[in-house]
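Feature annotations, reproduced from Swiss-Prot:
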- 9-211: domain 'Glutamine amidotransferase type-1' (DOMAIN)
- Cys86: active site, nucleophile (ACT_SITE)
- His185: active site (ACT_SITE)
- Glu187: active site (ACT_SITE)
- 212-404: domain 'GMPS ATP-PPase' (DOMAIN)
- Ser239, Gly240, Gly241, Val242, Asp243, Ser244, Ser245: ATP binding site (BINDING)
Amino acid sequence: MTKDIHQHRILILDFGSQYTQLIARRVREIGVYCELWAWDVTEEQMREFNPSGIILSGGPESVTEAGSPRAPEYVFNAGVPVFGICYGMQTMAEQLGGKVQSSTEREFGYAKVEVLGNSGKTSALLRNIEDAIADNGNALLDVWMSHGDKVTTIPADFTTIAQTATCPHAAMANEAKRFYGVQFHPEVTHTRQGARMLEHFVKDICGCECLWTPATIIDDAVARIREQVGDDEVILGLSGGVDSSVVAMLVHRAIGDRLTCVFVDNGLLRLNEGQQVMEMFGDHFGLNIVKVDAEERFLSALAGEDEPEAKRKIIGRVFVEVFDDEAKKLKNARWLAQGTIYPDVIESAASKTGKAHVIKSHHNVGGLPEEMKMGLVEPLRELFKDEVRRVGLELGLPYDMLYRHPFPGPGLGVRVLGEVKKEYCDLLRKADAVFIEELRKADLYNQVSQAFAVFLPVRSVGVMGDGRKYDWVIALRAVETIDFMTAHWAHLPYDFLGHVSNRIINEINGISRVVYDVSGKPPATIEWE
């Protein structure tokens with residue numbers, strides 16, 4: 001009998017750290033299922049979840065301030081291992097009888113942690129982990145710190161297992177109860193041995209089996225889809241993006257031709273994208289796809305509108321209308337498949353303290369009219385984006401499609417600045433295709449996180465041969481980022497940029513000038529609109 005891939009599970013309580021989702025991704029990478037909940041979870045909810053272990057995340061608040069978040073008391077009475085990270089360690093120490101105070105010496109960035117005494121051999125968390133050896137024989141670890149407060153007195157029955165020059169209790173442990181705390185962040189790559197610490201906690205201390213893999217995720221999703229929809233038919237809005245493509249493959253594997261994919265060509269796609277989607281999913285994979293040519297409908301709705309948020313809302317509204325029209329033709333479709341992923345679920349979860357993330361509006365079919373009365377099939381709702389990509393590879397989708405740069409939901413509608421016209425979209429499509437083609441040829445595409453062209457609705461004088469021309473301007477944008485929350489503009493070679501500019505101006509009639517965007521985020525956003 002196949003094992004339940006959710007059988008061993010870790011609960012991560014979120015105290016507001018920017019790295020909390022990273023903790024969950026690291027646990028998943030180990031091969032163990034986990035969920036991320038707000039810190040104010042009830043005992044009943046935790047009992048129902050029945051975790052094999054609990055991780056307390058970092059957070060921006062101070063344990064020394066009244067009203068700051070605390071872990072539910074049940075965390076320390078549940079009889080399972082607990083791992084406190086940064087703020088998580090501080091609230092653990094304070095709640096179990098230790099002391100925390102604000103420090104005059106804040107630690108931000110790299111630090112060297114010394115593993116004390118015999119802890120490098122006896123501590124289940126830090127056993128046999130080292131980056132270097134100190135003169136006294138103790139293990140040294142390169143870690144990433146981000147804290148102002150620090151633990152000054154550890155609780156009774158705890159021992160200090162690591163320290164820094166300014167932080168006397170950089171890590172603490174109660175080996176009998178399997179409680180551990182570290183003042184640094186093992187989830188970030190800057191902490192070189194962080195993945196091994198998390199693996200020690202999840203596998204060795206919590207005893208979790210590695211049941212969470214792309215292959216087992218697929219088997220589980222297929223079984224769930226079959227159980228959920230029975231003999232009914234399913235409809236899916238297929239965009240050709242990563243999420244909807246993986247959903248299409250999963251649902252098709254589960255129910256075959258009872259899935260109908262609706263591909264809406266809104267006239268705001270990249271060059272030849274509609275043709276590529278139809279060839280890949282229709283011809284190659286044999287999915288049942290209905291293609292709707294709705295370019296005129298979208299462009300008519302956008303005519304005269306130049307405000308970015310209004311354009312986004314128009315594109316979202318018209319998509320819903322077009323999709324609704326097609327769905328009504330499929331009389332037997334009882335279910336709607338969507339590409340909701342786990343970060344969407346997290347961001348939409350409201351904490352009773354009001355400290356959860358804000359709900360995002362997505363440009364998918366989530367806003368379909370209530371009268372459609374369809375059930376939702378969301379096979380990716382437990383997965384992070386990197387997991388979706390790995391599942392896609394396992395399903396046979398091409399690497400280049402799964403790992404291509406992000407493309408906004410409204411498409412070229414927010415890369416044509418101001419009013420959107422067919423002429424502008426056609427010029428932008430061609431310029432963008434040249435830029436991406438040259439990035440790939442120069443082996444630069446995978447060295448930047450996102451690259452694209454932007455159409456600027458301004459004319460500029462140019463010289464072609466013996467004549468002058470007065471044509472449009474294209475901006476090129478390329479950024480390097482880890483999380484898309486902040487980004488640096490990519491320092492592409494001057495010769496490369498010159499070559500791309502020459503190709504765009506010489507090969508695309510209607511463009512007279514190319515500029516390169518050297519703005520970081522912040523203060524600028526990655527997209528121009």
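Positions of Cβ are set from backbone N, Cα and C atoms, glycine also.
Its own atom aside, the Cβ of Glu187 (active site) has 28 Cβ atoms within 10 angstroms in the protein chains shown. Non-local contacts of Cys86 (active site, nucleophile) by the CB criterion (under 8 A, 6+ apart in sequence, same chain) comprise Ser17, Ser57, Gly58, Gly59, Ser146, His147, Val182, Gln183, Phe184, His185. Note: the ATP site is recorded as Ser239, Gly240, Gly241, Val242, Asp243, Ser244, Ser245; in the same chain, Leu238, Val246, Val247, Ala248, Gly339 also have Cβ atoms within 8 Å of that site's Cβ centroid.
Counting neighbouring Cβ atoms within 10 Å of each of the binding-site residues (Gly241, Ser245), the lowest count belongs to Gly241. Glu187 (active site) is 29 Å away from Ser245 (ATP binding site) when you measure Cα to Cα.
For the domain 'GMPS ATP-PPase' (212-404), the model's average pLDDT works out to 89. Asp243 (ATP binding site): 21 other CB atoms within 10 A of its CB, across all protein chains. Counting every protein chain shown, the Cβ of Ser244 (ATP binding site) has 23 other Cβ atoms within 10 Å. Secondary structure at Val242 (ATP binding site), as computed by DSSP, is helix. Across the structure, Ser239 (ATP binding site) and Glu187 (active site) are spaced 33 Å apart at their Cα atoms. Distance noted between the C-alpha atoms of Gly241 (ATP binding site) and Glu187 (active site) is 28 Å.
Checked against Glu187 (active site), the binding-site residues Gly240, Val242, Ser244 differ in C-alpha distance, with Val242 being the nearest. A C-beta separation below 8 Å, combined with a sequence spacing of at least six in one chain, links Gly240 (ATP binding site) to Phe263, Leu269, Glu273, Gln276, Val277.
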